[in-house]
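The domain 'BTB' annotation in TrEMBL covers 376-443. Taken from TrEMBL, the feature repeat 'RCC1' covers 47-98, 100-152, 153-205, 206-257, 258-309.
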Amino acid sequence: MRYSSIMVDVGKWPIFTLLSPQEIASIRKACVFGTSANEAIYITHNDEVFVFGLNCSNCLGTGDSQSTIVPKKLEALCGKKISSLSYGSGPHVVLSTEDGEVYAWGHNGYSQLGNGTTSQGIAPVQVCTNLLIKKVVEVACGSHHSMALSFDGDLYAWGYNNCGQVGSGSTANQPTPRRVSNCLQGKMIVGIACGQTSSMAVVNNGEVYGWGYNGNGQLGLGNNGNQLTPCRVAALHGVCILQIACGYAHTLALTDEGLLYAWGANTYGQLGTGNKSNQLSPVQIMMEKERVVEIATCHSAHTSAAKTQSGQVYMWGQCRGQSVILPHLTHFACTDDVFACFATPAVMWRLLSVEHEDFLTVAESLKKEFDSPETSDLKFRVDGKYIHVHKAVLKIRCEHFRTMFQSYWNEDMKEVIEIDQFSYPVYRAFLEYLYTDSVDLPPEDAIGLLDLATSYCENRLKKLCQHIIKRGITVENAFSLLSAAVRYDAEVA
């Protein structure tokens, strides 16, 4: 399961309302899972691992069967640097670390934990058979089977195999990881995904292979017969697939040219074809002629989502009980929000990264660059001190500067402007306001800023200053404020 590099508000998932603001702020990665989205795991900035929720089938891995609304630490996983995580319907949980180790716990009725037994996994245990000498980079889970992809492109599968989803050539359950070979022998696999009882893989040359249950055409083979071993999706010949994603019984694929294909079950319109007819072979889904850069769905949902190169996010399929049969443009910034707000259950389709320091909004970026000598192209000197700014920002934000630069400014003019009619704190506060839309000044200086705002015809700033002055008047400072007002000849309304 891939993880997101976009800052996402985990508070959009109802279960996270159980946490305090301090706990929310500590989260670096997180995943909501479970048949009712009632379990969650998260990793902190200190690389500690916590779980909370209902604990069905011991899926929290806490060593007992008790539910908890208070996060419990999983000591065995702290410091392991989790990089990929997936979950089944039992549920069971499988994850891999940056060191390539694989751990699993939870429901194990079909040996989906890969430890050779069918005993419930009450705590995380490393999956060893055939994987100890491999560095695993990605894991994926179906309803009751699991897969692991190694750094060198080998694929291993284990667990429930009633439809051939393990790819072993039989329908016998697979108690430990077994390499998936047959027609994948010698091929470098770069991506994997699981439906409820089906499996898909992408090869480094862009080919796609599928195996397991195919009753709805989710393998894309042009028929609805199950496959006990990997079979190439021949209908995608001539296109290069970069990403594959599996829903409950449908499949999405993204090409290197940003085209979207879909096939399989379509009861809820999850293929985005404009109707509810199943598709046994891949069909191209139109996305307003925009290049698609990400696709999303998960085996517990009938919901689909995609993100375009311009950042627009579309959703379709089962959305809060409704069937949306064509891609619908949302106001979301990422595909993850689609599942938080519209999927049933409201699980996460991948392990989320919520690292705040990796992302700055436009407003935050502007605030950060105020008075920055490294990026500025203009300086104001006030009371002998310099304030570094950007001509473009001043022109965009202030009519006074826009007029001044257009009328008098050229590239040969000096890069320093002398200001002598206002004090340094006042003028600095004014320039900072243009970057931040806020003012933080004592009432005495706010009077001077009010005078400046009046001179520069900045009406909104005038109102801010008047508010600061009125709010700041006390018996002790009333005389000094009056004196300052006289000094600046400013009228406090």
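Each residue, glycine too, has its Cβ placed from N, Cα and C.
The domain 'BTB' (376-443) scores a mean pLDDT of 87 in the predicted structure. Helix, strand and coil counts under DSSP for the repeat 'RCC1' (258-309) come to 0 helix, 23 strand, 29 coil.
Counting residues of the repeat 'RCC1' (153-205) by DSSP class, helix then strand then coil, yields 3 helix, 23 strand, 27 coil.
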